[in-house]
Amino acid sequence: MTKREPTLLLLLQLLFLLSCSCLTHSTTIINVWPKPRNLTWTPPYQATLIASTFTITTTTPHHNKHLSAAVTRIQNLVKTEHHHPLVPPGVNISTNLPPLESLTLTIVDPDAGLVHDVDESYTLSILPSLATLTANTTWGAMRGLETFSQLAWGRPTCIAVGVHVWDSPIYAHRGIMVDTSRNYYPLKDLLRTVEAMSMNKLNVFHWHVTDSHSFPLVLPSEPTLAEKGAYASHMVYSPEDVKTIVEFGLDRGVRVLPEIDSPGHTGSWALAYPDIVTCANMFWWPAEGDLLAAEPGTGHLNPLNPKTYQVLKNVIRDTTTLFPEQFYHSGADEVIPGCWKTDPTIQKYLSDGGTLSQLLEKFINNTLPFILSLNRTVVYWEDVLLDDTVHVPSTMLPKEHVILQTWNNGHNNTKKLVSSGYRTIVSSSQFYYLDCGHGDFVGNNSIYDDQNGNVKDDGGSCEEEAKLVLGGEVALWSEQADTPVLDARIWPRSCALAEALWSGNRDEKGRKRYAEATDRLNEWRSRMVSRGIGAEPIQPLWCVRNPGMCNTVQ
């Protein structure tokens, strides 16, 4: 050892003490979001340095480029993030602990594909001189790598030791829906959203890419739809853009699920094909007569025009080619009778005894079998079955091939769908629509558990029905959102969904985690901001500095 080495070692130890030790308002809680199913940090709550040569290694050779990308990304993040917690973890420092040199990763099946219900479980153990991560699949390994990254903090970087984690999601489908038709988001915004989703262990980016307002998706077989239907030539998503976001998602364990909404919400199609769209460019709420749309922006595909299906099948074929995802979302929400009734051929069809529901049946009969022939499971919004006026019978929607997504009527519609035997994705507008209110900053407030009080407790659905709930999605409809507000609209509110779907929202005694979750979410939001995500604050920093003082109950 040279003369300089003892001095350097002492300096490093002092820095370590400053960055990792208990300062003011310290806590022995490790802030991991979403909260793992089982995490223990064994007393005496120690931490050690991350070695400057720290590496993540796999025990067996593999050829999974997405796993390699994740390992490289997390390895760099752990060594360079230097996160400073709002409330530093209280740890006992032992100068005898050696720096952590590596994390050893063992994956049983590294080639398992990223599909619905893939195994995302993992086991993580961090001992003073050894860290191991074991998972059945690449995707479980990615979840464990994210957890490992959140257990490191400070400058120089230290990491908690004596930590053992077993983790696995409660729900397989954990998503965010973003509407890119009403307002356009550059590709970098969508990539940043997927990045943040991965941090929160969310795994489905539901891309509501087209609607009545614009058609920004460039499709090789139908290029005029975007040429004429996009807001501008630079406000489009090319096939190369789609490939970029799909690959970016795979590198982070996030599936990209496309939605081409039809037959409603298709006014933008009329700019290229005016003959297949009814009520296009008409005022949505006439002074007299029927409403023509649920909001400004009219237009429905005409189920009686054969050309409708020529164009639509090209759209579907191209979309399934661009997106490898096995779910294809076909929309089918908010079919407005007044829009179809403006068309002379539909008027005659109705006067001859046909019904609006039979029109929708004709549309489903001409599209659903085609989508299935492309080896896709079809997702529809609940309206296709539950709308009061225009719907199809359940016999037309085979349960083995169709998933329904709820958005109306709170828990009731979810109950209706699972009781009918349908797999269901929950996106209740009462709870999961991000374009709605932002809440308040007080914590430990039971009002957040008020779910309108109009759903009677019938003892819960039976176990078999509960299994049909695949998970949930928050939805960002973009009438009043675009680039400057995107991050703040989504984060950190979507973090709450991420934790509820991953590990639930109750503690070990079955109580709701109001205040405890608020404290952890403050910390997690701060870390997300340091990682480049513009998440809005949920409380003044004063609340963090004065634990419990911002709660409604002490």
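Glycine is no exception: its Cβ is also placed from the backbone N, Cα and C atoms.
Within 10 Å of the C-beta of Glu334 (active site, proton donor) there are 18 other C-beta atoms, taking all protein chains into account. Look at TrEMBL and you will find Glu334 tagged as active site, proton donor.
Annotation comment: TrEMBL describes 32-151 as domain 'Beta-hexosaminidase eukaryotic type N-terminal'. The helix, strand and coil residue counts that DSSP assigns across the domain 'Beta-hexosaminidase eukaryotic type N-terminal' (32-151) are 29 helix, 45 strand, 46 coil.
Residues annotated as domain 'Glycoside hydrolase family 20 catalytic' in TrEMBL: 171-504.
According to TrEMBL, the signal peptide annotation covers 1-26.
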Per-residue pLDDT averaged over the domain 'Beta-hexosaminidase eukaryotic type N-terminal' (32-151) comes to what?
94
